[in-house]
């Protein structure tokens, strides 16, 4: 029989036990049965080419036009190309995890959606809340960066028309940026027209940006062969800062790959998500990595790394060879890159708000989908309005680190979700309490069928042994002869669950001890040893024990399967945790305040309005039969 989850009381455990159960309640993968009764349908318009445009456009920002100079001068030197390669491989680890979850759970919400299915409601809420902050600040920061670059195309920093130029308000000591706010409103209006139309526009803008980068690669290669690649003829060698400097450069340029997760947020609007989502993520990341590496090869070869201009490294490199006119092409590429990134920043957030609203954690206002355009117009307008105000009034460059927190938290949680999916996938499915009668009826039928099988003594083979037996057994009813197997399976799930938890804790201990140089030497090395042992122990245990058979039927099957599990997700967790630890105290202080606000919002609204508030959880083996019975009863 199904059992009722109530956030206020939970059998003998009392109020606090019920609250804890409410925090870890998990929702069902959106199946064909759920979608059949849904009211919020997005248009399925996107193909692989659309997804590549979203992924490349969201990833390649104007940062690459500046980042190559800063990282080469301070960290990598001529080895900048290897830094981009290592960072691309690290990003690919997260991309593999995203690809499997996106194809298995193709619904709006991205990492929030996956966390809700695999981990629990409260963690999913925090991930969604952090992503809201990431996309809002990210979009505002990108918009503020467009106007200075746009002004360069018109002749200089002060060449924009008065109504677009930045203005200083003395009384408030605020620099307002009308151009940034206007651009946000334009992109918001475009996103409201339709997902296909906005993606086509983003594809056009992204194409211009890619063409500018190809110009840098082709023209720079010509100059390099003509002049002899002066940047590589240095007495300091290829690694002037050593391998450590090159790895530090990788950690810095890793953030230039952030953006491919925007592809996963459009999963519900993809025509063939099992095929197109993994390919879209993979192709987008490969294109970005290839372009980054080729640009870095050319630029560090044209100009010695120590002579690079940290603000305008690419245009300055061409200017040093008498090609000042190339600065206009490069600036145009930077403007297009920023516009494309702005669209990529504003696209996912309305879908995350919509997903959270569907689940009852936010007001139903955000879940409305326009019938004609089939996009969440109200969420898109709210997102655009908030980002426009922030871009108009605030210089959010000092808050840029907060963008990375949301992304890295999402990357980490997606990797953990892959481990959970493989070893301890949810074995219970939530249904609305209105179906309690149907649930009881189906559970009773399963129980009676099992009792009949157990009572068979007519000399014939029991049904369990017949080759063509077509009956399913509930997970909660087991034969006595299977007791040892049940015990082993139950223990396997417990061991796997605790091992995943200890592995994550080990990654946290190891990265914190390795990063905190203020710790006493003995304590630091001891902590590193303990964390490393926990990681190795977790890897060994998860490698030795079998993965759960239910993983084969979890969600939508037939899509991409993440390779090298558990090694790949564990490495992904370790890398992302290390980057999170190193974001700095000031960044974490700001993010903690935002997350604390989120906890209050969840406690006051989300917890009591959750769609799982009165959910009835039944064994997964019963789910299809309950769906069929509920449809038959409505017919």
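Just so it is clear, glycine is given a Cβ too, placed from its N, Cα and C backbone atoms.
Automatic, uncurated: that is what TrEMBL annotation is.
These numbers come from a predicted model, not from an experiment.
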Subject >> transmembrane segment according to TrEMBL, located in which of 141-164, 237-260, 429-452 >> reply: 237-260
Original post:
In TrEMBL, which of 17-35, 207-225 is labelled transmembrane segment?
Top reply: 207-225
Subject >> Positions whose Cβ lies under 8 angstroms from the transmembrane segment (587-605), at least six residues beyond its ends >> reply: 122, 125-126, 129-130, 133, 361-363, 399, 401-402, 404-405
**OP:** Report the DSSP secondary-structure composition of the domain 'Cationic amino acid transporter C-terminal' (560-610) as helix, strand and coil residue counts.
**Re:** 40 helix, 0 strand, 11 coil
**OP:** Restricting to the domain 'Cationic amino acid transporter C-terminal' (560-610), report the mean pLDDT as a whole number.
**Re:** 93
Original post:
Under a Cβ pair cut-off of under 8 Å, which of the recorded stretches 237-260, 375-393, 521-545 contacts the transmembrane segment (80-99) most often?
Top reply: 237-260
Original post:
With pairs closer than 6 in sequence left out, are the transmembrane segment (325-347) and the transmembrane segment (281-305) joined by 3 or more CB pairs under 8 Å?
Top reply: no
Subject >> Other parts of the chain folded back onto the transmembrane segment (375-393), taken as Cβ under 8 Å at six or more residues beyond its ends >> reply: 40, 42-43, 135-137, 139-140, 143-144, 174, 176-178, 180-181, 184-185, 187-189, 191-192, 194-195, 345-346, 349-351, 353-354, 357, 365-369
Subject >> Close approaches to the transmembrane segment (237-260) from elsewhere in its chain (Cβ under 8 angstroms; 6 or more beyond its ends) >> reply: 55, 57-61, 63-64, 67, 70-72, 74-80, 82-84, 86-88, 90-91, 95, 98, 281, 284-285, 288-289, 292, 305, 341, 344, 403-404, 407, 578-579, 582
